[in-house]
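S.K.: This is the structure I have questions about; it appears just below.
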Amino acid sequence: MRRHLRASLWILCLATMAFSILAAVNTSPKPTLTSAFSGKAGTTAVKANKTTGELLPMVINTWNFTAANVLAWRILKQSKGGLRQTRNAVVEGCSKCEKLQCDRTVGYGGSPDELGETTLDAMVMDGATMDVGAVAGLRRIKDAIKVARHVLEHTQHTMLVGDAASAFANAMGFESESLVTPESKDMWLQWTAENCQPNFWKNVHPDPKVSCGPYKPRPTPLTRWKEDRARNEYEIGRKNHDTIGMIAIDVESNIHAGTSTNGARHKIPGRVGDSPIPGAGAYADNEVGAAVATGDGDVMMRFLPSLLAVETMRAGKPPAEAAQEGLRRILKHHKDFMGALIAVDRLGNYGAACYGLAEFPFMVSSPAGADGPTRLETVKCIGGQDKVNIVAL
């Protein structure tokens, strides 16, 4: 009897010790692991003990538009953690690029259309409310991104276009002025002197490859339409087809995204690209993250790559894979296009992907910078210098 009692007490003692050990393991602190994307396609650097507070707040934008990023970061830091400043940061950052005429592809005095006029497209999206304000084909108003903000804050609409958008801007206190500069006028005169080459016309006469318009539709058998879809006649590049896309996130993962551009050089009057289109030029959702795009807007807007990138992150993929996915859908149909995509999740992890260039530069400001908050990063492009196999989706 005593032997059985002694054995029972020994078993009870062992069980108590085991329970104590398990409790200690389960309650001990664990290191946090967060992936910080290095900017190289398909690679990540996993850094231990990274917390949201160290990655956020954040400002990230397309291309090496440093001054725009620095200003946006300064504005974001006006409040602790960037709270209530993400909209101001995006609007003022993009506005800085408009004033500086970044690459002559943002703001006034760049990318004249067939009539020699510069028109502007811009958008602001709020990731908390999913509200959007945008303008397209804006004429005679320099502050495109600020007019887009007024559409967001003072109307129930998403987008205003053309002369009506300009009239709205006037009513909101913006002054009308010419967007043509001596440089943009010379650019247009040289283009017309070279028989309006290149241009965006097809299936018209006279032959748009050798002559200016006016053009008339050319009767074309249906078997010829696919042949004439080729876009190789007009070389798309960053100097004639560019956008600033910017994302700002505060420490509570409140997100704004914005874009601004003067569109494609020598475009047909009335053309609107991807920049002011929600889901194409930019998309933001506080629950997931945001994405911004740049490149051949006529192609990219058909596939809503920014929306696709955000939804890919929603499905659990990291930002770098989400950015690549946004481009793969396009490459299934268009192997001759140029474009880039930046994706950021709500915690501040980010990635980028590009196609048709050697590499794509972008600006990042966040507390995670080793040599200061603001840095230039690059990503090597698929289809830039080396041939790659495109996975059909």
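Keep in mind that glycine also has a Cβ here, set from the backbone N, Cα and C atoms.
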S.K.: Looking at Swiss-Prot, which of Asn26, Asn64 is flagged as N-linked glycosylation site?
M.R.: Asn64
S.K.: In Swiss-Prot's disulfide listing, Cys196 is paired with one of Cys102, Cys212. Which one?
M.R.: Cys212
S.K.: List nothing but the one residue from Cys196, Cys354, Cys381 whose Cβ has the fewest other Cβ atoms within 10 Å; the candidates are the disulfide-bonded residues.
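M.R.: Relative to the other disulfide-bonded residues in Cys196, Cys354, Cys381, Cys196 has the fewest Cβ atoms within 10 Å.
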S.K.: Under DSSP, is Cys212 (disulfide bond) part of a helix or a strand, or is it coil?
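M.R.: Reduced to three states, the DSSP call for Cys212 (disulfide bond) is coil.
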S.K.: Find the one among the recorded positions Thr243, Arg271, Asp296, Gly297 whose C-alpha lies closest to that of Cys212 (disulfide bond).
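M.R.: Comparing Cα positions, the closest of these recorded positions turns out to be Arg271.
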S.K.: Using other CB atoms within 10 angstroms as the count, which residue among the binding-site residues Asp274, Asp296 scores least?
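M.R.: Comparing Cβ neighbours within 10 Å for the binding-site residues Asp274, Asp296, Asp296 has the fewest.
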S.K.: Quick one: largest C-alpha distance among Arg271, Val272, Gly273, Asp274, Thr294, Gly295, Asp296, Gly297, binding substrate per the record, in angstrom?
M.R.: 16
S.K.: Give the residue from the recorded positions Asn64, Thr243, Thr294 that has the most other Cβ atoms within 10 Å of its Cβ, counting over every protein chain displayed.
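M.R.: By the 10 Å Cβ neighbour count, Thr243 comes out on top.
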S.K.: Under 8 Å Cβ to Cβ from Cys102 (disulfide bond), same chain, six or more residues apart: give me those in sequence order, or none if nothing qualifies.
M.R.: Trp63, Phe65, Ala68, Asp242, Ile244
